[in-house]
């Protein structure tokens, strides 16, 4: 199974209309080049620590790009090579929320960012 298919499935699963699972993300932000941004993803309807949380992004006119995952139970992470040293994924189990922070922003980081269970 290739990653393209998996990413498409993960995004679809996160937004499925028939599921009680909800992932609610923070709103849109505008940042200057060189700044950092931290996106939150609050989970409900399932055991937060029982599933890895993935992050993907989609730049205008581009396909989906997998950024990495965090294990909410242990806090362990796995980042795509492109994002290593540049992205930080964390979680707060007390509020069932995952976070993705991207530093040293560039203009080509303009994208829609998704969390996906």
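Even glycines carry a Cβ here, placed using N, Cα and C.
Note that this is a predicted model, so its numbers are computed, not measured.
Positions annotated as disulfide bond by Swiss-Prot, on the basis of experimental evidence: 41-115. Around the Cβ of residue 41 (disulfide bond), 24 further Cβ atoms fall within 10 Å across all displayed protein chains.
Each residue in the domain 'Ig-like' (20-117) gets a DSSP state, and the totals come to 12 helix, 45 strand, 41 coil. The domain 'Ig-like' annotation in Swiss-Prot covers 20-117 and rests on sequence analysis.
A simple way to gauge crowding: the CB of residue 20 (pyrrolidone carboxylic acid) has 8 other CB atoms within 10 angstroms, across all the protein chains here. Summarising the annotation, Swiss-Prot assigns pyrrolidone carboxylic acid to 20.
Residues or ranges marked as region 'Complementarity-determining-1' by Swiss-Prot on the basis of an author's statement: 45-52. Within its own chain, the region 'Complementarity-determining-1' (45-52) is flanked in space by residues 19-22, 69-73, 91, 93, 96, 117, which lie at least six positions past its ends and keep a Cβ under 8 Å from the stretch.
A mean pLDDT of 96 is what the model gives for the region 'Framework-2' (53-69). Residues or ranges marked as region 'Framework-2' by Swiss-Prot: 53-69.
Within the chain, the region 'Complementarity-determining-2' (70-77) has long-range Cβ neighbours (under 8 A, six or more residues past its boundaries) at 48-53, 89-91, 93, 98. The region 'Complementarity-determining-2' annotation in Swiss-Prot covers 70-77.
The region 'Framework-3' annotation in Swiss-Prot covers 78-115.
Summarising the annotation, Swiss-Prot assigns signal peptide to 1-19.
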